[in-house]
Amino acid sequence: MKRAILIVLDGVGIGELPDAAKYNDEGSNTLVNTAKALGGLSLPNMGKMGLSNIEEIPGTPKEDNPIAFYGKMAEASPGKDSTTGHWEIAGLILDRPFPVYPNGFPKEVIEAFEKAIGRKVIGNKPASGTEIIKELGEYHMKTGYPIVYTSADSVFQIAAHEEVIPVEELYRMCEIARNILQGEHAVARVIARPFTGSPGNFYRTPRRKDFSLPPFKATLLDYLKENNYDVIGVGKIEDLFAGRGLTLSLHQDNNSEGIKNIFEAWNKLREGLIFVNLVDFDMLYGHRNDPEGMGKALKDFDDALPDIMKLLSDFDLLIITADHGNDPTTPSTDHSREYVPLLIYSPNFKRTFPLGIRSTFSDLGKTLADFFNVKNDLHGESFLSTIEEGWK
């Protein structure tokens, strides 16, 4: 029986990539800089796995005999967003980044969208979703104009009050936007952001829905599903892959629910992969430049690790990595172009080795495809033979 849990700590990078300057990310190191800002960060369980052997994290000592294989991975695709990172982990490398809109969407996009939905839009700028409904919610209620906004990610977001634009109508608008946003403006995701409440007290409802660009060719998830493995997505995995290649999806509102979902997914897994995204590091702390929050979230995850590790049988795998950086100590509130950590654990490892610096996140996807013994056309170079040495 082959089983693996792959956990992506969203935004938890481990040092600038050689091309970081092109992205204005020189000096970014999410893990190390967070630890420095806090005067040290104790992550004993990831420490035992070899986290500080990748790059020393102040407060987490290096381990003489790490219980996991450890290394770091470079991103071969251009860009530094979640979709790019997760697709590359799953074996796809992009040749151009998804478009982002730091100054809002161009006139031709907005005009085409307004014409198609038969009403004007307001906003059209990068913004925090909670802030923009505070700012424009009342005007939206008076006019019925939907609020369009973006973020540092490649997203076209539409916010609307549920009593002004019913949710099904909002979803229809998102489908229209998805059809318009193709070619040079093919954003990774169009997102419906319904809200309710009254001026001064607006709040978002759980009926958010993502309209994602599907991966342009088969990913690890597709190959596993085709070969009758279970592929369970936890968190925003379903959104990032447009629902493709999954046999079940579990969603959550925060990391602690996400960790509970790992246990629920494990109980449902016969044989296959649980692919987990824990987003709080990025969404709540990286984008808000909150190193204290980032540190606490990392400690909370580290505290939960022993119970996750106890789930595994002798030849199961637990993999911990990230999709990009989001250094909370830099002036930027955007993602950062960083290496990501790579820790691979199995309870029956007799010995472990460094995995070095992998030239693409796809090495991980290729290795997992090999582990599950599925024929594939993924990018990357498998290091399964190295991992198998651990069981000998």
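The backbone N, Cα and C atoms fix where each Cβ goes, and this holds for glycine too.
Taken from Swiss-Prot as is:
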type	residues	note
BINDING	ASP10, ASP323, HIS324	Mn(2+) 1 binding site
BINDING	ASP282, HIS287, HIS335	Mn(2+) 2 binding site
For HIS287 (Mn(2+) 2 binding site), the number of other Cβ atoms found within 10 Å of its own Cβ: 20
Cβ-centroid neighbourhood (8 Å) of the Mn(2+) 2 site, ASP282, HIS287, HIS335 excluded: ASP10, GLY11, ALA152, ASP153, MET283, GLY286, HIS324, ASN326, THR333, ASP334
Set of same-chain residues at least 6 away whose C-beta sits under 8 angstroms from ASP10 (Mn(2+) 1 binding site): SER82, ASN277, LEU278, VAL279, ASP280, PHE281, ASP282, MET283, ALA322, ASP323, ASN326
Spatial neighbours, same chain, of HIS324 (Mn(2+) 1 binding site) - Cβ under 8 Å, 6+ residues apart: GLY11, GLY13, GLU75, LYS80, ASP81, SER82, THR84, GLY85, HIS335, SER336, ARG337, GLU338, VAL340
